[in-house]
Each structure stands twice: as structure tokens, then as C-alpha cells.
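J.: Features from TrEMBL:
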type	residues	note
BINDING	D33, K38, T89, T126, E166, K274, R338	NAD(+) binding site
BINDING	F163, L164, R165, E166, K215, F260, L261, G262, A263, G264, G268, K331	substrate binding site
ACT_SITE	C271	active site, nucleophile
DOMAIN	324-429	domain 'UDP-glucose/GDP-mannose dehydrogenase C-terminal'
Amino acid sequence: MSTKRIAVIGTGYVGLVSGACFAYLGHKVIGLDIDETKIERLKRGEIPIYEPGLDKILQRALEKGNIEFTTDYAYAVKNSDFIFIAVGTPSKEDGSADLSYVESAYRSIAEQIGDEDFKVIVNKSTVPVGTGRWAKEFIAELLRKRGIKNPEERFEVVSNPEFLREGKAVEDFMNPDRVVVGADNRDIAGMVASLYEKLQPAMIITDLPTAEMIKYASNAFLATKISFINEIANICEATGADVTVVARGMGLDHRISPYFLGAGCGFGGSCFPKDVKALIYTAKQVDGEPKILEAVIEVNERQKLKPVEKLLKHIPNLEGKTVAVWGLAFKPETDDMREAPSIPIIRKLLELGATVKAYDPVALQNAKRVFSREIEKYGERLQFVTEKDKALEGANALILVTEWEEFRDVDFDKLTGKVVIDGRNLWEPSVMKSICTYESIGRP
Ligand code: UGA
């Protein structure tokens, strides 16, 4: 494999993992971020996010001298041929994607492209369909304003969406189900594809909008599977069926597949909610009524509060009661609190008068930031504890929101007599029902 010079703009989990993995594969990588403190920490080998396996990969890349970090666009653009953009595209109020970080990356790159250069600008950030083609005009115009001749010949824009799960991002990068590359110029798309050749992935080489759409359609479909199984779970509950067995029975049909059929208290994270909303926004602009996508979000919003609904059946008045909450991050193996179901659950419990004792193995810091207003408003009624058993002390009930592995082996004695709502179907109902008042999602 020939070594290529790559810059990665943005050192969040996508940028940092992609940069470290490219460097591990043997490419020369420059990681750039505008956040100086973050870059200083990375230079010292400190990783600002919780991502299993990333420390080892990054360490190896640093030792081999294959990765360096900077805040200097001039340096990054000059010393790279491929410039990956991996900055955030958060949701705006109206559900559309906020492209201001992407746009500012384009501007900063365009300021550095010279008369003799040819740079391949690769979008890894999830951007609405059509952004790549728009970016080509936008960047060309910026170059024209700087007096660069034939600006269209100085760069190409490529879409190379990421399919990395947080917490499994290194594993997903190194063992991709597929790599998607979209560009108007197929030769250049092929050049970007060749950066991954060591991994021998299934490859889709296509045009810009199709690549952009594959990303949204994939996330929206996975989110749809979750909302679908949650709706089935709610019907199971009312009819005496067991959703976990239903999901197993469905998943054995290879056309369905067993993945993302885990019923629970809904999906969160920085991707599914944001991407489905952005696709709804696009659909409304071009097609009117995206009924399925809207239902996916609606079902999910309702599902997040299911555990509280179930708790109220057993303890109708939560005034003066204490509820332990286990698992705050939006899923295990991450400290990410974005759109986590724990947020509306805890807010609702506080509103209903309960005292909440919240525990998470790694997300406590982030959780305290998210709940800063509630901490101020409710004082002692919202406590964050550093051990799972401490959360149970004096608690009338426990809600399990995130299925961290450490919750599997619970000291059952500590649950005796409590109301336990298992939001992720982690425990065995027959065992639990013998020691506490137990409810899970979609199981008899
Ligand atoms: C998701 C996609 O899985 C990645 O392929 C994609 O690259 C990423 O978004 C992105 O767009 O950046 P991620 O948000 O890290 O990855 O998390 P997932 O592991 O997909 O889980 C998302 C949510 O769905 C979690 O809240 C999880 O608890 C929930 N979930 C997942 C269920 O409720 N049931 C399931 O069966 C699976």
C-alpha cells in the first residue's frame, strides 16, 4: 500500500478515530482542531473522549511518527493531499442540519489552497444530500475571490460517510461492512477508496448525492428498526407475548437480520435523532410528507418515558420517594449524554416529586453538565453517586436505563422489595420477580 498524506479536520470521535486508524494503516496523518487545549492534550498522547481501543491505536501511530496534531490550517493543508472533514453537524431548532462548522472548515481550507495545488476535500461529516455539490461551487467561488485561476482544477469534493458506532468506532473502522465513496470524478473517488485498501472492504463508488443519501438512509433505517420493535414490544405487553423471543424469531429470517431489534427505552445519541430529523427536513422540502420517518421519532420520544409510566403503576405518587437510576449515557461504552433517554426520565421523576440517585460508570461528569439547571433547581433531590450500590441506598425503586455490563451481575439482595424497571431487558424476569416488583419492556 502506498502511503498517502492525510489531514483530518476535527478531533471528535469520528475525526480522531479515523485519523488514528489511517495512521495505524501506515498513512501520514495530521489531525487538526481549532480547540487549542484539545490539541495540546493530544500532542501529549491524552485522549479527550472515551473510546475503547483508541489509546492503543493512537499510541502506536504516535510511536511510528505517523500522526501529528496542529491548530494551523496552513500547515495541515500544505502537508496533505487528502483533507477529511469530520466536524459536527448538530440539529437546528427546525430539525435541519447546522452546517456552520463544515462551512467554516471549507473557508479555512480554501484560504490555504494555492495556484499549483490539487487537494481532495473529503466529507466525513454527515451533511444533507446536495451539500457536496454545493461545496464545490462554494469553494471555487472562495478561490476565485482570492484570484486563483481555474479554481475548479485546484480541488475536488468527495463524500465518504462514516458508519462508526461510538464505543466500537475503532473496531468498525478496521472491519467495515462497506466503504462508500461518492464523487463527480470517479478516478478521484477511486483514489479515496484506495486509502482503505489494506482493509479490503466491500466498496461502493458512486456519485456525491448518492453517497450522502446512503448515510442518512442507513441511520434512518436502523432507527426505524428500533422504533418498530419498540412498537411491537408495546403490543406484546398488552397481549402476553415476549418481544425478545419475537425479535429472535424475526431475526432468523436473513432478510430481516437479528440486529437493532433490541426493544428498550428508545434510541439516543448524536446521530439517529439528529439524522432522522435532518432527513425529515429534506423530505419536507422536496416531497411533502415523510410519514415513516416522523413516526420513528414520535414513537421514540414516547418510548423514552415508558419506564416512568411503568413505575407510576406501582408507585402512583412519587412525592418523597427515592428512585435510583442506573446508566446515564445514551448507550454502554461511551460517556456521551447526547439525547440520552436518561435525560427525559430524570427530568420527569424530578417533576413528579421524586428524589433521584443517578449512577453511571463513565458519564457522571457529562451528566452533571447536562443537568446543571436541575442541580440548581432541585438541590439535594438530584444526587450523582459514584457506585451503583450507593444509588440503591434508601431507594424505593430502580430504573435501569443503559445496559452497562457491570449491571448484569447485580447483588440481588440489594433489590429485595424494591420496584425495578428494566428499561433494556437486561435481567431474567423469572429470577427478578422472585425478589422484587419487576417490569421490563415487552415481556410478560
Ligand atoms: C449510529 C450507527 O449505528 C453508526 O453506524 C453511525 O455511524 C453513527 O450512528 C453515526 O451516524 O455517527 P451510535 O449512535 O454510536 O451509531 O450508536 P448505536 O450503537 O447505533 O446505538 C444508537 C442507539 O440505539 C442507542 O441509544 C442504543 O441504545 C439504541 N439501540 C440500539 C436500541 O435501542 N436497540 C437496539 O437494538 C440497538
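Even glycines carry a Cβ here, placed using N, Cα and C.
Describe each of these features in terms of where it is and what it packs against.
T.: Note on K38 (NAD(+) binding site): other Cβ atoms within 10 Å of its Cβ, all shown chains, come to 19.
Taken residue by residue with DSSP, L261 (substrate binding site) is part of neither helix nor strand, so it is coil. Taking Cβ-Cβ distances under 8 Å and a sequence gap of 6 or more within the same chain, the neighbours of L261 (substrate binding site) are K225, I226, I229, A247, M250, G251.
Around C271 (active site, nucleophile), the same-chain residues six or more apart in sequence whose CB sits under 8 Å from its CB are T126, N219, listed in sequence order.
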J.: Within 10 Å of G268 (substrate binding site) (Cα-Cα), which of the binding-site residues D33, K38, T89, E166, R338?
T.: R338
J.: Return the residues near D33 (NAD(+) binding site), defined as same-chain residues 6+ apart in sequence whose C-beta is under 8 angstroms from its C-beta, sorted by sequence, else 'none'.
T.: I9, G10, T11, G15, I39, L42, F69, T71
J.: Output: those recorded positions from D33, K38, C271, K274 whose CB lies less than 6 Å from an atom of ligand 1, in sequence order; none if no residue fits.
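T.: Checking each Cβ against ligand 1, the ones under 6 Å are C271.
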J.: The record lists F163, L164, R165, E166, K215, F260, L261, G262, A263, G264, G268, K331 as binding substrate. What's the largest Cα to Cα distance among them, in Å, rounded to a whole number?
T.: 24
